[in-house]
Each structure stands twice: as C-alpha cells, then as structure tokens.
Amino acid sequence: MIYEGKAITVTALESGIVELKFDLKGESVNKFNRLTLNELRQAVDAIKADASVKGVIVSSGKDVFIVGADITEFVENFKLPDAELIAGNLEANKIFSDFEDLNVPTVAAINGIALGGGLEMCLAADFRVMADSAKIGLPEVKLGIYPGFGGTVRLPRLIGVDNAVEWIASGKENRAEDALKVSAVDAVVTADKLGAAALDLIKRAISGELDYKAKRQPKLEKLKLNAIEQMMAFETAKGFVAGQAGPNYPAPVEAIKTIQKAANFGRDKALEVEAAGFAKLAKTSASNCLIGLFLNDQELKKKAKVYDKIAKDVKQAAVLGAGIMGGGIAYQSASKGTPILMKDINEHGIEQGLAEAAKLLVGRVDKGRMTPAKMAEVLNGIRPTLSYGDFGNVDLVVEAVVENPKVKQAVLAEVENHVREDAILASNTSTISISLLAKALKRPENFVGMHFFNPVHMMPLVEVIRGEKSSDLAVATTVAYAKKMGKNPIVVNDCPGFLVNRVLFPYFGGFAKLVSAGVDFVRIDKVMEKFGWPMGPAYLMDVVGIDTGHHGRDVMAEGFPDRMKDDRRSAIDALYEAKRLGQKNGKGFYAYEADKKGKQKKLVDSSVLEVLKPIVYEQRDVTDEDIINWMMIPLCLETVRCLEDGIVETAAEADMGLVYGIGFPLFRGGALRYIDSIGVAEFVALADQYAELGALYHPTAKLREMAKNGQSFFG
C-alpha cells in the first residue's frame, strides 16, 4: 500500500503500475470534499516520492466515478473575500496540476457518472477510458457558477472551443459515444472490460507505444487558434449563449469570456483567469439562489427517503376518471413501470385517456427517446375498463374525476367497496379539503390527496396531502409511488388550496387589483416575464382556464375570507361571464389559434378591452417596480403563512413547491429566499408601503418579529 486514507488509496497492481482509487468511506458516492482534496494532495505526493511507480490508473470503488464537489462544504468558501476565495481555488488546482505533471503516464478509468470536479480529475489524466454506460459532464452553470478545477482550461484544449463551450454552457451530461466522438475520452468499452482496457492503455504508454507526453502537451499550452479564429469562435458563441441563457443567468456567458481571456495563456496562467472569474460568479445572487435550490432539493430527497422505510410497494395502480388528466397519470405510471387500470363511466372518457397516453408515447418515439417496442409495452401496461372487476388486486387508486366535492365523495365511497382493506385511495384534487372528502369513507386512514399538476408528464411536482386521519403508511406509500413515477413529491397538510394554489391565488389577486386599477394586462405580463416567470399572469390564467381560475378563486375566498374575498367584480368575473375561458375555447385575455403544428398561438385581441371596461375602477399611474410588488408581496406573504401554519414543514419545501409547481424563477430561489435576498426587515417595510391594498399585503406578527431580530429563512 503506497497510500491509505478515508477517501483515497494507492495500491500496487503490477510491474510498477499503481491504482489511485477514490472510495469515500461512509458515503454512497465519491465527491470532492476537503478530506478528499487533502488526501489527493497526499496521494499525489506519495506517488511522486516512489521511484518504482511507472504508471497510474485512476479508478472508483463506487458505482459512480465522482459526482463533483461537495457543494455543502464549498458554499461556505463563497462567503470569503475574493482574494481568499481565489487563493483557495488555486491551491486546490495545484493538486490537479501536480497530478497532471507526474513524470509517469496516467489513465482515468471512468466506470460511472463523472460530473464537475469528477470530470476535471479525469481531464488532468493523460488518457481516459470510459464504460459505455457512464456519463460525463460539467453541470456547474446550473448552480450559477462554472467549472473551477481546471475545466474551462483543459476541456477546450482537448476537444476544441466549440465543443467545450457547448458542454460547459449547457451543463449537460454526455453519453460515452458522444464523449468519444469529440475526443473527450480515448476509448469506450463495456463496463466489465474497463479495468483490462485501462491496464492495456497504461502498459502501452509505459512501453512508449503511446506518447503520453505528447498527449499531455496541448493541455499545458495556449489554445491553437489565431486571433481571427478566436474572435469568430468566441463572439458567435457569446451571442448565441446569451440569447439562450438570458440576462438572469450570467454563468454560461462568463464561462465563454473566461475561456476567451485565457486563450493565449499556458495552463497555470489560464487557471488564474479561471479562478478570478469563478470568484466573481460565486458572489452573484443567481449562484446563491441556484445553489440554495440544489441544497433544498437534496433536503427533499432525504425526507422522501425516510418515507421509503415504511412505504408499501405499489405493484398495481388504478386511476378513476380517464380523460386527459387520467390519461396523463396512466401514461406516467405505466411508462415508469407500474401497470395501471384506467376506469371511466363511458367509452368516450376511455378513448380520450388512451388517446392522451398514445399521443405522449408517439411523441417520445418520434424524438428517438423510446423504441416502438417500449411504446407497445407501456400501452400494454394501461388497461382500460368500465367496471371495478379487477380492482381487487389494486394497491393504490388515484381518483381524478371532476373537481366537485359531492361527486368525488360518491366515487371514493364507491371504489372503497371494491378494493382490498389495505389499498390506498388518493384524490387528485387541487383545492378540495382532504379531511372533508374523507368523511365519506369507512377507512379514512387509507386516504390522502395526490395533487398532480397539468400537464402531468411535464410538471415535476406532486403534492401529497395529509388529511386529519391520513396514516403515515398511506402518506409514505403515496410519496414512494410519486417518486416511482419520476415526480418530486412534497408532503403538505390539509387546507384550502394546499400549498401551491393557496400561494398562487394571492398572486392572481394582485394581478386582478392591477387590472382594476387600469393597468394594461399585456404590460403586466411583460413585466413579470422580465422578472423571470415563464409566462405572465394573464397568459397563465388563459392556460389554466378562466373557469378553473374562477372556481379556485371562489374556493380560496371561502377558505380565507379575511384576505382573499373581494366583493367587487374582477377581470376573471368579467371574462368568465363573457364565456372567454382561455386557450380551451380560443379566447380569454388573449385570442388563440392553432399554428401549422397544431400549437396554440397567442394573439392580442382588442375586443377584450370592452369586456374588461366595467371592472376598471380607477386609473393608477404605476411603475414596473410597483407591478412586481403588487404581484409578489401577496405571494410571498402567503408562503410565509403556509410555513407558519405548518402546511409545509420547512422553508426548503415551501420554495421547492413553488419552483416545481408554478415555475417560480429559478435564479430567485423561491419566495422565502426572495424575501431573504431583499432582507426580511426590508421586505416588511416594503409590504407596509402597500398596506392600503388590503390584508394580503399585511406581514404576519411572526415575520415582523423576524425582521426585528435580524433573522432570515435560510442561514
């Protein structure tokens, strides 16, 4: 044993060849934390000091290679002054450079996922051999930063600027065959032959058959592009990537600028350029919010794992109510491996549900994401039925009938008589109280809410709603089933609107107030889209459906009359009464017509102004900043109330619910992190400036206390 640590070992294999193996004790994956970096330094020094070493193979003792840096540790460094952050980064980079400079050939054997620092470790090796099932990539831009362990320096010198820019700016994971095409790796083999292939490569390099020094040299030098080639490559890339990323995500363009600034430098000077740019990005609001979301997501995954311990396995599911929603749920279940019965009361509903599932499957086949054989297998996993005959074997039933409490209660009571006593019933309701629906059941402990968002195949969130009598087993089993379907479940307690709709309707309330104050809804949409929302509130209301919004608004007003009830008619009333229901019937705030591909195209329709005229009660002069505040303050304050009321347990769950459920701007991190970014005291003062708009704008006593004590939602 040449070196033995808790994360890394270096052992002799044969004939002077050693294996540097990453295998972090007590963890399921390898990652670069302080311990691993320190041990890599010691391991490299030990190899350097051993004159008998003739070659090094880098490997992993886990199913993955290295997933990247331990962001929970490194995020603390981001708070350091720039000079300290840069110095620390360069110190870490010296380890990778010293490994690269070893006076013997090196081969990285990539057995599984190698991301971020994991791939950067591989780039420092002379040769890379990759299992055909592995994936590699530099996903740092998704955290608002860019690669900081030499990725912006080595990758463009290995695979060319255009390819490197695509990899770094997109943050995508790349399959083995694609990595081989651009020469990011030297060979691809089946996983069982990886060790032998790495050994063969290192022997050929030791013998001189492969010139490892020549292979290494381009990574140490400046880029092989003249001034004109550089200008064409970088300026074109910056323009394209800036258009794709938008102004709120600076990391992709900064990465290109860094590669450009370092183009005429050798490795060590180029690494200094990388470190300076990395420190700049680490201080941005976008990186703070995006890293916060990543950490929130990790917290959610940990919570979901706790439920796994008591959950029952759902081997057979059922959905009640076919149609588009039922078909979407059936598709999602069957495509992820859980067969599902799809029941409706008539053939038309069944046909609609099957058509929806088939449409989604055909779309995947057309895009090359699924084989026709797999499509047939998924369709066979959806069994349509008009009766309860086969429900005796069902583990979990999702009720997805019309959003009416009496209808839902009747259907749930009926199905309860046809399933096993331990079967779980879940209602896909967006607003109706789970505890109210449970009153119709003999076994309310087996009943929960399971709120899918539309369209089911695209929206990642599922709210699992715990009613007053819902058992831990029912909640856990539903969470596990949602995960199995490829969704991100969040457990919420019962209340009108649960989490997402309870928070969304105050946002719509702010929008309604603006329209009634004479503000053009097209302008409001533009301002909120610029703020970062995927679509403005008028367009979103059209997509949701004016009738759906009208019903939801009434449910929320009944549940929270002190702040959500408005006796005046609003824009949604005017459109609903005029039967302008949004995209579903071609007219809402906007008009819609299908383009050549059948996609709904949004058009400005001046006739809506006459419809809205009676609900415009004044003409206020508001700034764009006012528009943002009228919209965002009620949304943020309702999120605070949800946390205070225990509807969600943690700030992380609240923020992730809004990101996954309604497309809250990623770079702003969620409603509670948005408050933190302003400052709790400053946000309370801001809300007080709009207090005359009503109770939705009034901070809670607890929030005022937080402001007074200088507290925040995230440390």
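Keep in mind that glycine also has a Cβ here, set from the backbone N, Cα and C atoms.
Annotated NAD(+)-binding residues in Swiss-Prot are Met325, Val401, Val402, Glu403, Lys408, Ser430, Asn454, and among Asp308, Asp344, Asp472 the one listed with them is Asp344. Pairwise Cα distances among Asp297, Asn501, Tyr660, the recorded substrate-binding residues, top out at 21 Å.
Here the candidates are the recorded positions Glu120, Glu403, His451, Asn454. The one whose C-alpha lies nearest to that of Asn501 (substrate binding site) is His451. Our reading of the NAD(+) binding annotation (Met325, Asp344, Val401, Val402, Glu403, Lys408, Ser430, Asn454) yields a largest Cα to Cα distance of 20 angstrom. Put simply, Glu120 is the one of the recorded positions Glu120, Met325, Val402 whose Cα lies nearest to the Cα of Asp297 (substrate binding site). Rounded to a whole number, the distance between the Cα atoms of Glu120 (site 'Important for catalytic activity') and Glu403 (NAD(+) binding site) is 52 Å.
Note on Met325 (NAD(+) binding site): other Cβ atoms within 10 Å of its Cβ, all shown chains, come to 21.
Cα spacing between Lys408 (NAD(+) binding site) and His451 (active site, for 3-hydroxyacyl-CoA dehydrogenase activity): 14 Å, rounded to the nearest whole number. Mean per-residue pLDDT, taken over the region 'Enoyl-CoA hydratase/isomerase' (1-190), amounts to 97.
Within 10 Å of the Cβ of His451 (active site, for 3-hydroxyacyl-CoA dehydrogenase activity) there are 25 other Cβ atoms, across all protein chains.
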